[in-house]
């Protein structure tokens, strides 16, 4: 009897992790963000995802769920320190992006967003075609660059004259296999808040939800602009020969 009561309490405690009337609670925010991202065409066909770290709890969108229909009860919760799930919806699978989200949180992020943006995919193909497979995406003298932070532990955002660099890693058959490449790229580019995945999409993170969302929106604007600039024969940088290798 005592065992049944203990199990019942554990279930109740787990459910409380995702139940809140506060719209800023991670389980509510993830659902709201995913609906917005679906409207932007970033998470169609159940692709993409979002995760938020609140103290030592990691809130994760599930795998295989249409993001515009997601509910707080669909959210997974993990203990950041032990990497054990505190709450697992019985009929859903955790996101395959989870190891990559954790890599961002290990770097101090408070929120990580993964999208399958068409503009992000196109940019990876243009970089490969014009600068080679090992090059990163680089652009400068675009106003929206101001929406991107200077780097981890640095105060303020990039300026108009700064060069924005986003590393590109190669896609893999299974999403979790991207983790090592992402970690290597962030070591080489410690100031980056994003990693492009060729022919796949992008991972963007920030110190909190607001910063991650702002940077994701800013980058998508920049990528779309970069694709249109290529159509018009306009260079992304004033010194195109200086495009960096990852």
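Every residue, even glycine, has its Cβ placed from backbone N, Cα and C.
Among the features that TrEMBL reports, compositional bias 'Basic and acidic residues' is placed at 1-12. Marked as region 'Disordered' by TrEMBL: 1-21. Residues or ranges marked as domain 'Class II aldolase/adducin N-terminal' in TrEMBL: 28-227. The substrate binding site annotation in TrEMBL covers 97. Marked as Zn(2+) binding site by TrEMBL: 114, 116, 200. Feature annotation from TrEMBL assigns active site, proton donor/acceptor to 143.
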Long-range same-chain neighbours of residue 97 (substrate binding site), Cβ under 8 Å, sequence gap at least 6? 49, 51, 114, 175, 176, 203
Report, as a single number, how many Cβ atoms besides its own are within 10 Å of the Cβ of residue 200 (Zn(2+) binding site). 20
Can you tell me how far the Cα of residue 143 (active site, proton donor/acceptor) sits from the Cα of residue 200 (Zn(2+) binding site), in Å? 26
Within 10 angstroms of the C-beta of residue 116 (Zn(2+) binding site), what count of other C-beta atoms is obtained when all protein chains are considered? 19
Take the mean position of the Cβ atoms of 114, 116, 200, the recorded Zn(2+) site. Which other residues of that chain put their Cβ within 8 Å of it? 47, 48, 115, 117, 120, 197, 201, 202, 203
